[in-house]
Amino acid sequence: MKVSVLITLAVLGVMFVWASAAELEQSGSDQKDSPAWLKSMERIFQSEERECRKMFGGCSKHEDCCAHLACKRTFNYCAWDGSFSK
């Protein structure tokens with residue numbers, strides 16, 4: 001009984017290693033494409049950063065924040081400036 005359990009565990013271990021190696025080999029081609037994907041995502045986030053920052057968005061000056069928001073110097077985030085006008 002102990003021998004059959006050990007053989008079963010050994011076979012499962014070999015199958016796991018074999019499946020992991022096959023998956024690694026298959027995903028190797030995906031890793032070559034990932035820098036282009038990361039660059040496109042970076043462009044998306046950079047374009048959003050050029051617009052005004054919404055509530056609790058990071059900022060360095062008041063002009064970074066949207067209307068009715070001001071840059072709070074304590075933690076550098078956009079917060080309501082207390083105004084109600086349009």
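Note that Cβ sites are derived from N, Cα and C of the backbone, with glycine treated the same way.
The disulfide bond annotation in Swiss-Prot covers Cys52-Cys66 (among others) and is backed by similarity to another entry. Around the Cβ of Cys66 (disulfide bond), the same chain contributes Cys52, Arg53, Lys54, Cys78, each under 8 angstroms and 6 or more positions distant in sequence.
Feature annotation from Swiss-Prot assigns disulfide bond to Cys59-Cys71 (among others); the stated evidence is similarity to another entry. In this structure, Cys71 (disulfide bond) is part of a beta strand by DSSP.
According to Swiss-Prot, the feature disulfide bond maps to Cys65-Cys78 (among others). Look at Cys65 (disulfide bond): DSSP puts it in a strand. Counting every protein chain shown, the number of other Cβ atoms lying within 10 Å of the Cβ of Cys65 (disulfide bond) is 23.
The signal peptide feature in Swiss-Prot is assigned to 1-21; the stated evidence is sequence analysis.
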Minimal Cβ count within 10 Å, across the disulfide-bonded residues Cys52, Cys71, points to Cys52
In sequence order, which same-chain residues at least six apart have a C-beta under 8 angstroms from Cys59 (disulfide bond)? Arg53, Cys65, Cys71, Asn76, Tyr77, Cys78
